[in-house]
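> According to Swiss-Prot:
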type	residues	note
DOMAIN	250-479	domain 'VWFA'
CARBOHYD	Asn100	N-linked glycosylation site
CARBOHYD	Asn140	N-linked glycosylation site
CARBOHYD	Asn146	N-linked glycosylation site
CARBOHYD	Asn302	N-linked glycosylation site
CARBOHYD	Asn365	N-linked glycosylation site
CARBOHYD	Asn520	N-linked glycosylation site
CARBOHYD	Asn558	N-linked glycosylation site
CARBOHYD	Asn757	N-linked glycosylation site
CARBOHYD	Asn838	N-linked glycosylation site
CARBOHYD	Asn903	N-linked glycosylation site
CARBOHYD	Asn923	N-linked glycosylation site
CARBOHYD	Asn1130	N-linked glycosylation site
SIGNAL	1-19	signal peptide
TOPO_DOM	20-1233	topological domain 'Extracellular'
TRANSMEM	1234-1254	transmembrane segment
Amino acid sequence: MRAVHLLLVLAIYITRTRSFNKESIKECAQVLSEHMKETFSKISHETILKQNYEKLVEEEQFDPRAELKRSKHRIEDYLKVRSQFAYKAKISLEARSVKNDTSVNDPQSKSFIRFMSAKQGNDGTTIYESNHLGKKLKVNETKSFNLTQNANFYTLPTSSVSSAVHIPTPLYDRNEELLRKIDWSDIDAVYRTNREETKDLAFQLFCSEAGYMRYYPAASWFWDNQDEHLDLFDCRNTEWYINSATNSKNVLIMLDMSGSMLGQRYEVAKQTTEAILETLSHNDYFNIMTFSKNTFLLDGCNGTNGLLQATMRNKKALRRKMDTYQSEGKAEYEKALPLAFSVLLDLKGSYALYTKEEMSMMSGNATNDYQFHLELPEHVLAATRQYIDSINNGGGDNNRGACENVIMLITDGAPNAYKKIFDMYNADKKVRVFTFLVGDEAIDFNEVREMACNNRGYMVHVANMADVDEKIHHYIRRMSRVVGRHYKESGQLSWWTGVYRERLYLPRPEVFAEPVPITNQSFAVMNKMASRRKIRLQKSEARSRMFVTTVSYPVIVNETFMGVAAVNIPLTEIAQKSHPANIGAKSYFFMLDQNGFVMTHPQLRPIDPVTKYHKQNYNNMDLLELEVGQNQNVRSSQKSQAVSDLVCESGANYAECVDDLRKAVRKMIIDCDNSDVQQLDVLYATELLDRVYPQTNTYYAECINHANFVLGLAVAKGDDYRIIKKQKKYDFGRVKMDWMGDKRWKLHPHWRYCFLNDTDTHMTKEEAFEIYAQQMSDSGKAPLLCEYRRNLVEKLLLDMEATSNLIDSWDTQYSYMKNNLIHLAFFSTPSGMIRYYNLTLQDYDYIDPYWSIFEHIGHLLSFEHAQESYNHFITDLNRKSTDDRYYRRAVRMKDTIMFDVSNNSKIWYKSETQLTGYGLNENLTMLGQAFKAIYLDKAVLGVSGYEFAFDHVVDTMAEHGCPASDDRKWCLLLDEHAYVFFSNQNDISYEDYLVGKGKHISQYFGGLNRIAQRAMALLVENKFYTKFTYTDNQAVCKAAKQVTLSAGRLRPFYHVFQFLMQTFNFMVRLASQVSGGYLIWLPNIQFTEAYTASFHEGTDVYPCPKQSSFYFSNKDGKNRPTSTHLVTGNRSERPCKMNAKCSVKIEAAFVDGTNLVMVWITQDKASENCYDESECSMDIPSAQVPFGFEEVKNDESCENLEKRKSKANDVCYSIDDDDSEVSVTNERRPCSLSPSSLVSIVPILVGFLHFYMF
């Protein structure tokens, strides 16, 4: 009972504190410190741990350069193997030829082609006759995927029976040409052999230029909308396909916004623009120009900085701006085309356009600066000699290294082909022109076709929204001819993508059995359901954040580009080749892609915690956007004589200086130059962005050969120490099963220690390692499947041996733990192992005893109605050791016991009459944790900690001068960031806290009320806390809804149009039934505002920097306060502007050895209404101690933006011999779709008009 606990606490302190003055905050804090340190010492067994480790390991100061090189070579070897597998697939495909069978759709023929459909999960199909009858034939399946959880795919259900084939929604899956190519690409034997060679080989892929994707092993398809089976994916839009299929591109999209581009035409134009943007990768650069009577470039600088890198951040930003423009006036091609060429080619010099009337009225010398004149139908173009020379020389140097220049014209027609303009700017045909004629009724084909055909391009007619996806890919096919023609130049050249979220790994929606009503017998069923769901969620966590990079090769047969063979590599696997266990606990590895964007970094937060969708800028973050400066001061050299000259000082040129220095740091890392390593004073933030820790990092970098990646290492000051085994060679024969016999240990769920067989999903990671440990003990050597991660396995075995007697040590403290309401102790190690000890407190239940089955009878059986239970701090909430929040906090505050309180776990009182520590009649208690990093001199051994019922804190504070009471004497414990760990106000409710409505606990102290606000200001002023400003460059903001609608004049008629389309749809369906069902396969999916996959999610938010002030404890600082009085002379403070009677004294003292600060706020006897907000309101916003993230409104600078060049663009295939009409076999190649081609896809267009509109 709690009464017994109170008596025990009382007895302990009577002897310890006889001379203890409870009216002195200094003495209270000192005695509390001694108690907390003693408790932690008894629970952690720190001395025993150090003695155990000293027998096995020793401290080593490592060389960061040498460790980085070792990691670099491991990663290179790992990537090389994956690259070879993709290359084997390429060679195998190129050795095959496409058969010319004509009976591929005849089930009775030997040539009938089946394939395993990713969407159906089997090889069954439905065939429609290509005639007016539309007769359909259903072909039954002969094989289906038997999907089982795969241990090597993070428990994703897969099948090795066959590869799966995905076909985009707009394509008919029984098209004969498509089927022949699907059959040609069946290289499952190669995929299977590759998979058998390497257990951790991820998905092997092939994307055909025809649109289908083959992947192995098979897995169920991830739908964009599961309920409606919405599928927006097309592998031809992926970065790995685009990179291999085309040269890198500078693209200018010209969007006709003339008065005729109204209603449906503009909607089609917008979708066409999105589809083009979808096909641009980070190796490409782009801008969008709208033109009518005026021309506008949609970037914030109106084109003055040329082209933007084709990141999702930039693409969505410009796409949003399209919605602010309206159709109006005439399309002024004579204004738009010269500007397009000028921006695209970065032309130097200047030009001017004059109407012929203006030209005739000008004096002879008015245009002396413009020596060149070109007469156009409506204008005269006058240009300077420099401008003409720039054209003749191929443009400026603003092409950012991309290989080809491309103009994409989206229009409903052009009055002229403007041959003079193209002859002037593009005489050598170096700029490709692709034209997209939009609208059902568009008839002006000739002019736009001539523009494309005369400039190495292609013209397509995009009749409606259903027409877009497939038509866009004609430009990719056109540009891929160059790759096919120059296949000998590519050799074994591989292409690597940046980071992206692989959809094949994403968790599928949970499918439950047919729902049944809850009965009195459902109790056990529901609890078992909830338990299994918890396990499923733990296993799928890694997959939900699965980001990959992909290596790809173009597949070329007879100089014809056929597609791209690829293998993707999960970044979590690459990260284990540069393992955090090999360096200091505060230091970290990071990786940059070929564009200098961050791939892996502990500060990268790619998932929006609200939407669970990846952020727009998740794969285009700059390193220095994550390495957030402490005070924007930067040191770019460790050379002492240079530092003083390089540190920026406040003044007019401060911002410019900081920018230059940060660019110097970035350049050093990109260039992998370790001759003069760089330093930055940064703030390291926790994942939830509620805490930041200052540290000084030194940066090192190594280039990853072949992949063009950069591996970096940030070593925190004083953190270049680690532990190593004393014996050079580990003796596996000394492994004892007793080390793991108690079963109370866990391994990092996302790290591989020893490889498993695909089918080993019935066992846990811990059970699997026990099997391998037994083999080690029996054979005296490491099993083959453990050799790949031998270094980590040896570290794990050392940690197991050193901590093997911890359970016995914890047993000796059973009574002490029980008396102090401690029910869990743990020790986490850098190897990813966590050893823990459970103790069940007698007065508490770990499953909600007040839950009743009868309250849920009548509902459908669901885990939502299951009995609530305790969330174990280790096994349920924190299994990732060094990657867990508490671990990262502990190692950043050396020699400090960290105290925290959790709102995601609780335990229940057994007695209904038991009161909380605050005296309230509630049936549960919160839980708190204490943890601390354990060191062997300067090297981290791990983090030790324990969990306790929060009642113990309330009872303990009552014996240290802070009993639960009213607000006359307000006593608090603040943590290292001024969050409230304890408050003695007696109306604090555990139940309210656990549902997010609590008072004081875990809240920022300075935001509680006016008294706390003033006290916080005094704490900062007296150096108890240091103020920092943190900028979150990964934040997102909600986009304001656009009130300006495009093509607004047709909006009143939208419902009429919708009625007509619904009527048309009904007639199509009726015709389908009459004709035997030929059109039945057409999708019946509701209208969706998003057109393409990338723009389907996250359209209502945009990236924006946000800033917040943080306050960090100065307990070890040079200016640590010596007085406990926050006001000189211990005078009273009157913080209320509207209440002169409020008078308080404020004191503070560090609780040494912990992260806590004790604060007392005592009201004078005559003081009144200090906490009445109507008489003592807060300063909002607070000028002295602001807190909370707010958007940073930066003025968009349009000068000297950094020109980022991709390392991937070093390879360019020449287009000089690329003729748009004649192939290498002297066949005529059209530069536009023929009318017959248009007629052949009419049924598809009709169906997909319904798909996109309703």
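We number each residue from 1, going along the chain as drawn.
Just so you know, glycine gets a Cβ as well, placed from its N, Cα and C.
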> Of Asn757, Asn903, the glycosylation sites given in the record, which has the fewest other CB atoms within 10 A of its CB?
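Comparing Cβ neighbours within 10 Å for the glycosylation sites Asn757, Asn903, Asn757 has the fewest.
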> According to DSSP, collapsed to three classes, what secondary structure does Asn757 (N-linked glycosylation site) have?
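Once the DSSP labels are grouped into three classes, Asn757 (N-linked glycosylation site) ends up as coil.
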> Sort out for me which one of Asn838, Asn923 has the most neighbouring CB atoms within 10 A, since those are the glycosylation sites we care about.
Asn923
> What is the nearest of the glycosylation sites Asn140, Asn558, Asn903, Asn1130 to Asn838 (N-linked glycosylation site), using the Cα of each?
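Of the glycosylation sites Asn140, Asn558, Asn903, Asn1130, Asn903 has its Cα closest to that of Asn838 (N-linked glycosylation site).
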> Between the Cα atoms of Asn558 (N-linked glycosylation site) and Asn100 (N-linked glycosylation site), find the distance and write it as a whole number of Å.
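Cα-Cα, rounded: 16 Å.
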> Within its own chain, what residues at least 6 apart in sequence put their Cβ under 8 Å from the Cβ of Asn1130 (N-linked glycosylation site), listed in sequence order?
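Set apart from Asn1130 (N-linked glycosylation site) by at least 6 residues yet with Cβ under 8 Å, we have Lys1145, Glu1147.
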> Within its own chain, what residues at least 6 apart in sequence put their Cβ under 8 Å from the Cβ of Asn140 (N-linked glycosylation site), listed in sequence order?
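Same-chain residues close to Asn140 (N-linked glycosylation site) (Cβ under 8 Å, separated by 6 or more) are Gly124.
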> Looking at the glycosylation sites Asn100, Asn146, Asn558, which one has the fewest other Cβ atoms within 10 Å of its own Cβ?
Asn100
> Which secondary structure state does DSSP assign to Asn558 (N-linked glycosylation site), in the simple three-class scheme?
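It is coil.
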> Which of the glycosylation sites Asn100, Asn903, Asn923 has its Cα closest in space to the Cα of Asn146 (N-linked glycosylation site)?
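Sorting the glycosylation sites by distance from Asn146 (N-linked glycosylation site), the top entry is Asn100.
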> Do me a favour and check the Cα-Cα span between Asn923 (N-linked glycosylation site) and Asn903 (N-linked glycosylation site); whole Å is fine.
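Checking the Cα atoms of Asn923 (N-linked glycosylation site) and Asn903 (N-linked glycosylation site) gives a distance of 16 Å.
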